[in-house]
Amino acid sequence: MTETKSGKAVAPAAQDSVAGTLAVCRSSGEEFRVPKTHDMLRSLFDPRLRKSFLELCITLSLVANCAFCYWSWRVMGGEWAMRMYLAQYLAWRLTYNLGIGLILHYQSHYEFLTEFAKRNGLFASGAASKSWLASFCQFEIASKMPREYDMAQYPTEFNVWLLFRQFVDLVLMQDFTTYVLYVLLSFSKSQVTWSLLQHLNWTSCRVYVGTLMLLLNVWVKMDAHRVVKDYAWYWGDFFFLLKDSNLIFDGVFNISPHPMYSIGYMGYYGVSLITGDYRVLLVSILGHFLQFLFLKYVETPHIERIYGPDQPSSIERVDDQIIKNNRNYTRPLMMTYFWFKNFDPLRPTDYFTVGTAAASISAILLNPKKETVFAITLFVKLVTSMVNFFILRRQSTDKWFTKLFLRNGYTQLYSYQMWQFIYNFNLMLSYVTLALQTWIQFQALSQHDYTNVIFGFILVALHIWADGEILNALTEFGWFYGDFFLTNYIQRPKLASHGIYRYLKNPECVLGVAGAWGTVLITDFSVENIILATIWTLSNHIMVTFVESPHVAKVYGNEMLARQSGVGKTLLGFTPIKHFSDWLDKFSGSLIDMLNVSTEGRDQLEDVIAAALQATTRKLSPDSEFEINRDSENNSDGDFSFTIGDSIEISWKLPRELYHDEDWIGLYRVLETGEDRYRTLVSSRDHWCATNTMGYPKSVKAIGAVKEFTKGDTCVQGRVVFDHNLLYFEKGVYEFRYHSTSGHKVLMISPPFKITVPQLDLDTPEALYQSTVKLLEKCHCLNENGRFEHSKNKYLSERTLQKLFRNSTGADISSDYMKRVNYEIREITERIYEMKKILDSLR
């Protein structure tokens with residue numbers, strides 16, 4: 001089956017026409033070669049083709065109807081003629097959708113036309129002399145088909161289909177003719193003149209847009225018939241099936257779902273724009289709506305029964321996995337259409353969302369000013385968009401949102417549920433405020449153009465439909481950006497390529513803003529709503545370009561990101577559009593690269609400075625020595641590196657005339673000391689020691705670091721050790737500075753060295769616990785019960801411990817959580833192990 005009457009096109013493999021194609025009857029399985037047939041217009045109006053009795057009658061009825069229209073317009077008046085042809089159109093439209101619909105429904109389920117023909121022997125040899133109906137049917141087919149056509153050689157299904165085509169020709173041509181005549185009668189009352197069209201105004205714009213829509217409608221019809229031929233045009237697969245045929249998506253079937261029911265009715269709205277008559281628009285909407293009912297209750301069930309559903313039933317839904325593996329998970333609250341779905345009376349956030357919506361709508365009773373409502377709507381849209389952008393961007397780059405909850409003791413799934421609440425709340429708030437803004441603006445209008453209003457609501461309906469299609473294709477998991485938060489639940493990474501995503505790569509950027517632009521029409525092009533619609537459009541494009549697309553490439557691969565939709569393939573066939581698309585891709589790519597600047601700039605800067613200082617650091621005083629004693633296990637020549645908690649030993653030597661008892665040695669971060677090598681301008685923050693035991697007798701820690709001191713005749717030398725009482729417990733590049741007397745004049749500077757974070761053992765929870773205890777014991781910050789105690793070492797605070805865990809395991813944990821577990825190291829390490837396991841699975 002195709003869709004000039006359906007969403008899918010069917011064509012025989014490697015064939016341009018169904019003529020000569022092998023076909024098979026649906027029930028009997030009888031095979032035959034399909035003879036050549038012609039489309040509707042050629043059958044009726046091409047004088048070179050033979051005409052059957054019914055085809056002549058159809059042509060004459062069309063001519064007679066046009067003549068009667070002219071007569072009734074001249075004699076009975078335009079209003080009477082309009083009502084007459086409106087009634088005719090509705091009658092033929094019901095005959096189409098209800099009459100043909102019932103026939104096809106029963107033919108699809110019971111093959112009742114085929115069975116009726118067989119039961120009455122309509123095409124049997126010799127039956128013509130016994131039954132006037134058989135005689136007429138055989139005469140009709142014989143007069144229509146070429147002379148060499150032998151009716152008896154073809155199955156009943158094919159002959160019945162040929163007769164069914166005649167009925168379809170009558171109904172479709174009269175349906176089209178009466179609609180066109182009704183539009184022409186309405187256009188006769190229009191105020192559109194040629195002089196008016198020569199100037200740029202609303203009337204000329206709608207006429208030009210309407211004309212363009214008409215031309216596009218003609219292209220849709222022609223291209224659809226090119227793809228599917230008359231086999232699908234006349235619902236051939238309700239009678240017989242083509243062998244070796246496949247569902248195809250080509251031409252117009254590649255750019256729209258159900259093109260003959262969607263964009264195939266674009267002309268209806270085109271003529272409504274041209275006439276500017278809202279009554280024509282309402283009639284067009286009614287006709288289009290009836291056609292959608294025909295699609296839903298006749299076409300779609302038959303397509304799914306013959307070819308299977310669009311979305312494979314075997315597809316594994318991540319939503320079902322989540323529910324199956326987590327008993328405490330419930331489906332999230334969703335704002336669908338104008339109501340809420342999945343409301344859970346035991347979930348407080350649902351009451352908050354619904355209550356906020358109700359309160360916002362109730363605010364209309366306060367008669368707020370237009371300016372106030374617009375400002376609130378603009379503020380809400382900007383803030384909600386920025387919040388969504390920030391969370392998703394950070395979540396994509398470093399799992400920030402998940403880590404935020406994990407570090408505070410919550411689960412990965414709970415963080416996802418909180419995101420669902422935030423996203424749905426933001427969506428609800430932006431839509432509710434936009435609706436209120438539109439209502440206030442609409443009330444303020446002195447007069448209303450109902451044609452604009454109706455077209456506005458059509459765009460709103462299109463937006464609602466698109467959201468429904470997106471939800472059907474992505475499921476709740478995709479709707480809430482689940483692949484940002486629960487990557488470990490995705491067993492087979494694959495982007496949705498069915499439903500609306502077969503035709504549009506990012507439908508939210510096109511159809512997802514239709515409602516916002518619909519409010520522009522409803523409010524008669526108010527500046528406020530134009531601004532809001534523009535922001536809506538830009539925010540959607542920014543989200544897709546700078547958040548979704550980079551994440552898709554990361555999770556699903558660049559080849560999935562480069563996949564073209566049906567509309568994209570069609571449009572990129574035009575060279576100017578392809579050039580513009582390539583330029584836009586390069587531009588957005590460069591912006592994405594700017595956003596992806598490494599966050600490790602500080603670490604890299606420290607390394608660069610350390611390398612430079614290795615060459616420039618020297619003794620600032622002659623005949624002096626100031627060296628860090630090397631540990632052969634941890635350091636090699638030219639590379640000083642110590643692990644957090646390791647003691648560092650320094651040897652120094654100074655001429656006696658330069659030495660003072662109050663000389664001291666300080667420990668500093670290289671980045672904090674600045675470029676002054678002769679004077680230290682920053683505080684040591686108590687990371688210092690004396691050079692002897694007499695200079696600072698009241699400072700126990702300062703003199704406790706002195707391990708050796710010798711005063712000779714010509715020089716003074718010593719050895720000090722910086723241990724847990726004086727060291728930093730954060731990674732970085734450091735240096736020691738030897739200061740004269742109690743001031744900050746620098747006499748000597750050590751080579752720069754690194755303090756690094758030890759890699760804790762993450763093989764098992766017990767291994768992590770043991771390695772953590774060993775490290776903290778070395779740092780002297782555990783009490784007798786094995787708990788972390790800040791008072792044991794003032795340099796190793798909660799914040800420092802957090803950084804230590806983050807840098808050594810990649811998992812962050814909050815101080816609030818550590819307080820909740822009373823700083824129990826086993827509880828903390830078990831939580832870190834679980835976090836690390838989850839975060840690794842998300843990569």
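FYI, residue positions are counted from 1 along the chain as it appears here.
Even glycines carry a Cβ here, placed using N, Cα and C.
Listed in Swiss-Prot:
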- 1-52: topological domain 'Lumenal' (TOPO_DOM)
- 53-73: transmembrane segment (TRANSMEM)
- 74-83: topological domain 'Cytoplasmic' (TOPO_DOM)
- 84-104: transmembrane segment (TRANSMEM)
- 105-166: topological domain 'Lumenal' (TOPO_DOM)
- 167-187: transmembrane segment (TRANSMEM)
- 188-197: topological domain 'Cytoplasmic' (TOPO_DOM)
- 198-220: transmembrane segment (TRANSMEM)
- 221-246: topological domain 'Lumenal' (TOPO_DOM)
- 247-267: transmembrane segment (TRANSMEM)
- 268-279: topological domain 'Cytoplasmic' (TOPO_DOM)
- 280-300: transmembrane segment (TRANSMEM)
- 301-348: topological domain 'Lumenal' (TOPO_DOM)
- 349-366: transmembrane segment (TRANSMEM)
- 367-371: topological domain 'Cytoplasmic' (TOPO_DOM)
- 372-392: transmembrane segment (TRANSMEM)
- 393-419: topological domain 'Lumenal' (TOPO_DOM)
- 420-440: transmembrane segment (TRANSMEM)
- 441-452: topological domain 'Cytoplasmic' (TOPO_DOM)
- 453-473: transmembrane segment (TRANSMEM)
- 474-512: topological domain 'Lumenal' (TOPO_DOM)
- 513-533: transmembrane segment (TRANSMEM)
- 534-843: topological domain 'Cytoplasmic' (TOPO_DOM)
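When the stretches 167-187, 280-300, 372-392, 453-473, 513-533 are ranked by Cβ pairs under 8 Å to the transmembrane segment (53-73), first place goes to 167-187. Spatially, the transmembrane segment (420-440) is not adjacent to the transmembrane segment (84-104); fewer than three Cβ-Cβ distances between them are under 8 Å for residues at least 6 apart in sequence.
Nonlocal intrachain contacts for the transmembrane segment (349-366), taken as residues 6+ away from its ends with a CB within less than 8 angstroms of a stretch CB, comprise 333, 335, 340, 343, 421, 424-425, 428-429, 432-433, 436, 439-440.
Across the topological domain 'Lumenal' (474-512), DSSP classifies residues as 23 helix, 0 strand, 16 coil.
Remark: secondary structure over the topological domain 'Cytoplasmic' (74-83) totals 8 helix, 0 strand, 2 coil, with classes taken from DSSP. Sequence-remote contacts of a segment are chain residues at least 6 beyond its ends whose Cβ falls under 8 Å from one of its Cβ atoms, and for the topological domain 'Cytoplasmic' (268-279) they are 183, 186-187, 189-192, 203, 206-207, 209-214, 216-217, 285, 287-288, 450-451, 454-455, 458.
Break the topological domain 'Cytoplasmic' (268-279) down by DSSP state and the numbers are 10 helix, 0 strand, 2 coil. The topological domain 'Lumenal' (105-166): residue composition by secondary structure is 45 helix, 0 strand, 17 coil, according to DSSP.
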